[in-house]
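Below: one structure, written as structure tokens.
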């Protein structure tokens, strides 16, 4: 095992025996086998020009399952490997993809396994390693692309669930899997692939934005209760809005309240969910606090996506996972063939539990996605022209458990009163309960939504560029101080780079999988920087 795909990797250099996230050595290796298998499917599909929805969804959902804090279940990973091998072999049989027809075939195409034991043996082999080739810059470029398409697949999965897809994005995922396995690719070609990944991340986020807004309406300014009521409750975490919709429909009239947790908070901003009387508020804060918060919630918890922390015994029997999320010996809500899910077991469980324990009281405000902010465009533009707003500070991204992330709370507190924070993702929990006031009625914290809603922040920036008649988005009074944690944040970073955004400050640390030479390239081409101290960065960003 060598895993350094997240920001919290041990000593910043990689987890080698067990992940900080809780992922075991054998699970990490099996996930590498799964990715290896996906490369084989992509290769055969690309060579033959044959694909279908089953192949596409298998690749997308499998890559999503390998993201940090999504799936810890070896049985689940092995079953996906088996299915992948069958899809690949059926495709080869159907089209006769032999060396004579398709040329010399790589091992990930020809490899097969008759049983679980052979899969476990493959997990020990060198072929599956992401540490190939020996050149660290080539490895770095390959990993940046791989982690970027993992994040892309998370967003595409959610769009697919709502019935939205894009053939060109699906083609690119396969192309990227093949290209990062091609030893003949030059550093220049792999660098171009990194930026091409950013292009398709933008397309995917746009697709998901369309899926969400056409399904549930455009987010609008909303006050969200952070206290509790006295009824039985169900807590839903993750990002899947369709799961939430089904849960709300099934709990209607049961007397059970539904609370969001962490990245599900922005669901409250969508008009479609405001009709549910039992959709009562948000419970707790960021994902890494769940061991305390899940315990005190008292009722069942539904994990629709990441971030799942290995559940403690005190509440493990109340955790339900669904979709691509997995953990050994935790109850699963399966998806039916028509895409529906039956949450009746969760509902009956909730009736046996005490109401949630109150953690805090009050309200937080959000719903500032692109449609809502652009509706306020005249007010925003006037505030900038008058000097009432001097800077917009994009502080989007991820939260995490390390103490170094207190930097973002301190940074938000010390911003001058003429600065407005634009945020999306769970990074918001470092400052979204601070009372920073407003500027002429414009709140100084504008929350666009989930991490994928960084797309909204990009749209806002591009529209403001037009409104001010500027040639370059970097001429706007917008600076970027972004926190990353896992692969969706990598995808967002690549999207911003593709859009030409420069002078991004990324923290709390730069990714270990970026080699010194590749880091130098990013600094020279995009002026990408790390963070230092609050005061130093404040002076640098607000100069």
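Cβ from N, Cα, C; glycine included.
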Matching residue for the hybrid [4Fe-2O-2S] cluster site, where Swiss-Prot names 263, 307, 398, 426, 451, 486, 488 - out of 239, 370: 239
Cβ-based neighbourhood (8 Å from the centroid) of the [4Fe-4S] cluster site, residues 3, 6, 15, 21 excluded: 4, 5, 8, 9, 10, 14, 19, 20, 23, 28, 68
Distance [Cα-Cα, Å, rounded] between residue 15 ([4Fe-4S] cluster binding site) and residue 486 (hybrid [4Fe-2O-2S] cluster binding site): 14
Residue among binding-site residues 6, 21, 307 with least C-beta crowding, 10 angstrom cut-off: 21
For residue 451 (hybrid [4Fe-2O-2S] cluster binding site), the one of 3, 6, 21 that lies nearest, given that the binding-site residues are compared by Cα: 6
Cα-nearest neighbour of residue 3 ([4Fe-4S] cluster binding site) within the listed binding-site residues, 307, 398, 426, 486, 488: 486
